[in-house]
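Data block below; observations after.
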């Protein structure tokens, strides 16, 4: 069987063997419902507490704060936006939300839905580097602003947004602040206190944990109407039987993610840079966005004259996995939204390819990818009518 190379880690990651190992006993032996009073239920409590402790430490949350288990970051994002709608928009008359055009569909689409209910949403434009400034946020806030929601790192470009500056402005203005940290955790340090975050979303499968489990940090003293009703789980904030093996796995994945931050910067970042520099030697290839303020694993490149989907399928034939954009929207075959947002033509935006690495990638895999990508660029341009 030919070697398979996975460079789509911003879509999902392989589960770390240590995570699988720690989950196994709770899939096999300790399967009781944690809410049950008998020993099958109560024997799971120490493992849940330990996992939550790892999550708290991973984002520097305080004991008085809440880290609520959810099914994924999409749920967490929906919960924040819709909860704020109930708590701030309907009850207090604060009918304005500030976000950006670069957000994940889980935020953008939810904001679109809230607009249909009468909420005013300001979508801040990104500049030619793919970023926004804290000053843009400050200027957008009004007396009616209920929430500012800005991602910590962009899923397409890997660009890091000025979260600490934005959080400080929101605190000064008395406006709730939410950040989607899905693409930041495990790649750069994430500290909810330094960020002045009221809410922070994350998803285990983006940092080598299991799929179908995520979390929402809620700062102490901040109310949020539940999205689900039907039980008193998670201090009454989210109903549903706790998924013990996945909670345990997510906790361990968070612990490992923090332990590997230096490796991400020093090793994964250098592999990304090696890949990027080699691809830039191909004529008419460019890197999209700021190349300095990025997470270390991500590059978004445009190969002029080649449809991103064509390059994607060519790479796939050689057992290399990449992406043309967000996995939650990639089947739509739309132009890359970040490239459109920075002002690229739709023709150019269709040429984007995202390559995202992990700590499990090797230098040999990067060398092979460079070889295959370079050959594919020549072959596809030879048959292209637009180059």
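Each Cβ is built from the backbone N, Cα and C atoms, and glycine gets one as well.
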From 60, 95, 155, the one annotated by Swiss-Prot with 73, 74, 183, 203, 204, 205, 241 for pyridoxal 5'-phosphate: 155
Rounded distance in angstrom between the Cα atoms of residue 183 (pyridoxal 5'-phosphate binding site) and residue 206 (N6-(pyridoxal phosphate)lysine): 7
Surrounding CB atoms that lie within 10 Å of the CB of residue 74 (pyridoxal 5'-phosphate binding site), all protein chains: 21
Residues near residue 73 (pyridoxal 5'-phosphate binding site) in space but at least six apart in sequence (CB under 8 A): 104, 106, 180, 182, 201, 202, 203, 206, 214
C-beta crowding around residue 204 (pyridoxal 5'-phosphate binding site), within 10 angstroms: 31
Pairwise Cα distance maximum in Å, pyridoxal 5'-phosphate-binding residues per record: 73, 74, 155, 183, 203, 204, 205, 241: 30
Cβ neighbours of residue 203 (pyridoxal 5'-phosphate binding site) where a neighbour is any other Cβ within 10 Å: 28
Site of maximum Cβ density within 10 Å, from recorded positions 205, 206: 206
